[in-house]
Amino acid sequence: MSNVVVIAVVLIVASLTGHVSAQMDMSPSSGPSGAPDCMANLMNMTGCLSYVTVGEGGGAAKPDKTCCPALAGLVESSPQCLCYLLSGDMAAQLGIKIDKAKALKLPGVCGVITPDPSLCSLFGIPVGAPVAMGDEGASPAYAPGSMSGAESPGGFGSGPSASRGSDAPSSAPYSLFLNLIIFPLAFAFYIFC
């Protein structure tokens, strides 16, 4: 009888693990479905870190030569990822402190036109208002008309990433992997115990 109880508990835990991980992927606090793609996109912008970070390794007067092309590519392919950069949440997860004032100056310094940061609130990512630009004379290159009120948040980015709801990573492979491990272990435990 105890073997049946153990197997039942293992099966319930395995089922709940898949259900909980699926719920975590869909929780509003994790952001839009494109959020996981943003981490990879933001990693391409490491050349900008010396300019936009605070503390050791940061505070450069101008961005590295790889920064501006990376920013232009990010704006073209996944402009919503800029919201994650400006919010500082992803950087904080990596232990990086972003100077929001310099991050907001970056498009002007690079000569890249970006959507207005206030549009990030449409994704549920508040980034605050743009700050006054310093004496560098670089103003933010925002395209305030880049999204009319009639457009949905999916229209924020015209690139492929904005319409890839179906490409968002899911918990299915993780759940399948867990189930492929737990079920044979439970079966072996039942047979040998």
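Here the Cβ of each residue, glycine as well, is placed from N, Cα and C on the backbone.
Per Swiss-Prot, the feature signal peptide maps to 1-22.
The disulfide bond annotation in Swiss-Prot covers CYS38-CYS83 (among others). Counted within 10 Å of its Cβ, the other Cβ atoms near CYS38 (disulfide bond) come to 21, all protein chains included. According to DSSP, CYS38 (disulfide bond) sits within a helical segment.
In sequence order, PRO63, ASP64, CYS67, ALA70, LEU71, LEU106 constitute the residues six or more apart from CYS48 (disulfide bond) in its chain with CB-CB distances below 8 Å. Look at Swiss-Prot and you will find CYS48-CYS67 (among others) tagged as disulfide bond, backed by similarity to another entry.
Taking the Cβ of CYS68 (disulfide bond) as centre and 10 Å as the limit, one finds 19 other Cβ atoms among all the protein chains shown. The secondary structure of CYS68 (disulfide bond), as reduced to three states from DSSP, is helical. Look at Swiss-Prot and you will find CYS68-CYS110 (among others) tagged as disulfide bond.
Within the same chain, the residues at least 6 positions away from CYS120 (disulfide bond) whose Cβ sits under 8 Å from its Cβ are GLN80, LEU82, CYS83, LEU86, SER87, PRO126, VAL127, listed in sequence order. The annotation disulfide bond is assigned in Swiss-Prot to CYS81-CYS120 (among others).
Sequence annotations record features per position, and here Swiss-Prot assigns region 'Disordered' to 143-164.
Look at Swiss-Prot and you will find GLY165 tagged as GPI-anchor amidated glycine, backed by sequence analysis.
Around the Cβ of CYS81 (disulfide bond), a 10 Å sphere holds 25 further Cβ atoms from the protein chains shown. Looking only at the disulfide-bonded residues CYS67, CYS83, CYS110, the densest Cβ neighbourhood within 10 Å occurs at CYS83. Classification of CYS120 (disulfide bond) by DSSP places it within a helix. Comparing the Cα of CYS38 (disulfide bond) with the Cα of every entry in CYS68, CYS81, CYS110, these being the disulfide-bonded residues, the smallest distance points to CYS81.
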